[in-house]
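As structure tokens, the structure follows; a few thoughts come after it.
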Amino acid sequence: MAPELSSPSSSPRYTVGYALLPEKVSSVVRPSLVALAADRGVRLVAVDVSRPLAEQGPFDLLVHKMYDRGWRAQLEELAARHPGVPVVVDSPGAIDRLLDRATMLDVVSGLRTPVSVPPQVVVSDAAADADELLARAALRFPLIAKPLAVDGSAESHDMRLVYRRDGVLPLLRAPLVLQEFVNHGGVLFKVYVVGDRATCVRRSSLPDVPARRLLDLDAEPSVPFANISNQPLPPPDDDGGAADDDTPAAGFVDEVARGLRRGLGLHLFNFDMIRERSEEHGDRYFIIDINYFPGYAKMPGYEAALTDFFLEMLRGTRPVPEQLGPGSGLDMEARKLEPGLGIGLRELESGRAQA
């Protein structure tokens, strides 16, 4: 992890605007973050999304996670009028692929690290033939059924674990993704990425599915499941609890995070990684989900990580990662920053922008 950046009292003060849904504000912009940022010369200000962006500020940096098209239009208008001022994190065009589960995981195939994605198929037609879809994708039960769109709604998180074919048919309301469920010992590795920092946190996950469950015709063919990965695993014990050395090596995690960051062209995201352990294949890692601008309060030390990141962006010392994966081509906000680019509208309009 990069060392914390100091902020002398004589340094200029910056204003960082944030446009987030209320539930995201409560999971990121906590008093501990606000206090530390202020102590380091960064003022955090909420953007009123009901008002024109041009009437607010001035901001030196904008961070956002909004799904409204009107918000995106405002960002594009602001970028056209004042390119690079304020600095926008992250580019709406780069975020888009994470809002569609058909494209979300495409970037993984371009990584140079030994990690992959479970087999999956996109169901885009409600009249699709389940047998044909499953055969074409060579999927094996159990499956996870996920809504195709990731739009922040409760419906986008409505997932089901499907044990056999007759559990698929009622779900073909389309569009959705059917992804093969991989037994992973009930352990999920949630990796939070903030710029070039990656922090891996072990979480509990769905338990393994025994073969006999797939053959139990008296049991439900599919069941809904809640996201239970937000609870830390208990400390290791004598009853088979997860041990500290179960966590992937830091170097491996950093390499995966770096590849995703470059491939996606994003700075702020997390990804869910699982590990299959078998005598046949040994240890195999899979990425099953990538989420833009997660609830960082669940990441240890997130206040310092975000504050350091804001200062790096504002001081022009943090280059935007080159997008290498499918769909390359970043919007104008996402390009390499040069020193002095992190300035506010106040300096631009007064002609006092620092070089």
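Quick reminder: no glycine exception, Cβ is built from N, Cα and C everywhere.
Take the CB of H157 (1D-myo-inositol 1,3,4-trisphosphate binding site) and look out to 10 A: across all protein chains shown you find 12 other CB atoms. The 1D-myo-inositol 1,3,4-trisphosphate binding site feature in Swiss-Prot is assigned to K65, H157, K190, N291; the stated evidence is similarity to another entry.
Here the Cβ of F181 (ATP binding site) has 21 other Cβ atoms within 10 Å, regardless of which shown protein chain they belong to. If you look up Swiss-Prot, you'll see R101, K146, 179-190, S205 marked as ATP binding site, on the strength of similarity to another entry.
Using a 10 Å radius centred on the Cβ of D289 (Mg(2+) 1 binding site) and all shown protein chains, the other Cβ atoms total 21. Per Swiss-Prot, Mg(2+) 1 binding site is recorded for D272, D289.
The Mg(2+) 2 binding site annotation in Swiss-Prot covers D289, N291, and the record cites similarity to another entry as its basis. Under the three-state DSSP scheme, D289 (Mg(2+) 1 binding site) falls in the strand class.
The compositional bias 'Acidic residues' annotation in Swiss-Prot covers 236-247.
Look at Swiss-Prot and you will find 107-318 tagged as domain 'ATP-grasp', backed by sequence analysis.
Under the heading region 'Disordered', Swiss-Prot lists 225-248.
Residues K65, H157, K190, N291, recorded as contacting 1D-myo-inositol 1,3,4-trisphosphate, have a largest CA-CA distance of 20 Å. Neighbour count (other Cβ atoms within 10 Å of the Cβ, all protein chains): 19 for K65 (1D-myo-inositol 1,3,4-trisphosphate binding site). In the structure shown, the C-beta of Q179 has more C-beta neighbours within 10 angstroms than that of any other entry among the binding-site residues Q179, N183, S205, N291. If you take the CA of N291 (1D-myo-inositol 1,3,4-trisphosphate binding site) and look 10 A around it, you hit none of the binding-site residues from Q179, V187, F189, S205.
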